Structure formats: C-alpha cells, structure tokens
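The N-acetylalanine annotation in Swiss-Prot covers ALA2. Annotated topological domain 'Cytoplasmic' per Swiss-Prot: 2-17, 91-106, 178-197, in sequence order, evidence recorded as sequence analysis. The annotation topological domain 'Extracellular' is assigned in Swiss-Prot to 39-69, 128-156. Annotation source Swiss-Prot lists transmembrane segment at 18-38, 70-90, 107-127, 157-177.
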Amino acid sequence: MAVSKLTLAATSGKSCKILLGLRLLAFSATLSAAIVMGLNKETKTFIVGKVGNTPIQATFTAKFDHTPAFVFFVVANAMVSFHNLLMIALQIFGGKMEFTGFRLLSVAILDMLNVTLISAAANAAAFMAEVGKNGNKHARWDKICDRFATYCDHGAGALIAAFAGVILMLIISAASISRLVQPNKCCSTTASPSVVP
C-alpha cells in the first residue's frame, strides 16, 4: 500500500510538471498571437490616378483594428493568456492548496470556455485572412495581400500561433476533465507527497 502511494505521488508530480509545461506553451502561443496581431500594421502609398502626366498618390494603412474579427482575435488570445498565467501562478505559488471539488470543476469549466473562445477567435480571423488573401468575387471584395504582403504575413504568423494555442488548450482541457475523475492526480507543484491519499 505504501509503495502504491509513493508511485501515485511520483506520477502526480510528473503529470503536474507536464500540465505546467503545457500551460506555459499555451500561454506563450496565445500571448505571441495577441501581440503579433495587435502590432500588425502596414502603410503604403499607391498611385490612384493621373491628372495629365502627374500621378495622384494616396496613402493607405492596413491595421488589425480595421476588422472586427481581428479585434476579437486579439482580445480572446489576451484573455486566454491571462487565464493560463493565473493557472500557472496558482500551480507554482499555490502552496499546499488542493484542487478538489468545486475548485477542480471550476478550473475544468474555465479551460473548456477558453478552448471555445480561442477556437472561435482563430476561426473568425482565419476566415477574414482568407478573404484578404483571395478576395470574394460574389461580394465584390478585393484581395489585399497582393498589396500589403507584410501585413498578411504577420497575420498568418499570428494565426499559426493561435491554432497552436487551440491544440494546447484542447489537451489542457482534456487533462482538466480527466482530473475530475481522479481529483488528486495533480495538486500544487510545491505540495508534499503526503497530501496524496
């Protein structure tokens, strides 16, 4: 019986470190997606016409906040980053606080809500990126990526980071749900093995 408790404590410590690593990766992915998209801006000057031989120039700026889907993308990724930062802080600095009962259920629910939030934001931004890249002939929306290549490249990088965050949050959410079945599987990283029954 004592050997099984030690084995369970060792497994618990390993699963805690894996979950902490996954949360750190998800935090990094979602934060980088929010920062890259939030700073995404490109300004170019184009010739829009001619008066005689004199070209008429106009300056246009492509910014993330010109599209509501990209604003939603930045806000959602920032919220998921903040959630993961709080969970990391609780796991590292939580002392001997056990995640059981309502606390465990609330963490699992928050993880599932964050998966939904970041998935919706990434898909909305991916749709708008597709319109920006290829346009929409039926709606007569012109593509812009042939004119604002850097803007589109930065947006693509943010989307890649966000979809990596979606995958990581799915794994974290599955781990949170599995902890509902085995509540003492992962407590704080600083908790002693004697906490595990």
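Backbone N, Cα and C atoms are what each Cβ position is placed from, and that goes for glycine too.
18-38 is the stretch from 18-38, 107-127, 157-177 with the greatest number of Cβ pairs below 8 Å to the transmembrane segment (70-90). Here the topological domain 'Extracellular' (39-69) has long-range neighbours at 121, 124-125, 127-128, 144, 147-148, 150-151, 154-155, 158, meaning same-chain residues at least 6 beyond its ends whose C-beta is under 8 angstroms from one of its own.
When the topological domain 'Extracellular' (39-69) is classified with DSSP, helix, strand and coil residues number 5 helix, 21 strand, 5 coil.
Broken down by DSSP into helix, strand and coil, the topological domain 'Extracellular' (128-156) contains 15 helix, 2 strand, 12 coil. Panel annotation: around the topological domain 'Extracellular' (128-156), residues 36-37, 39-42, 44, 46, 60, 62, 64, 67, 69-70 of the same chain, lying at least six beyond its termini, place a Cβ under 8 Å from a Cβ of the stretch.
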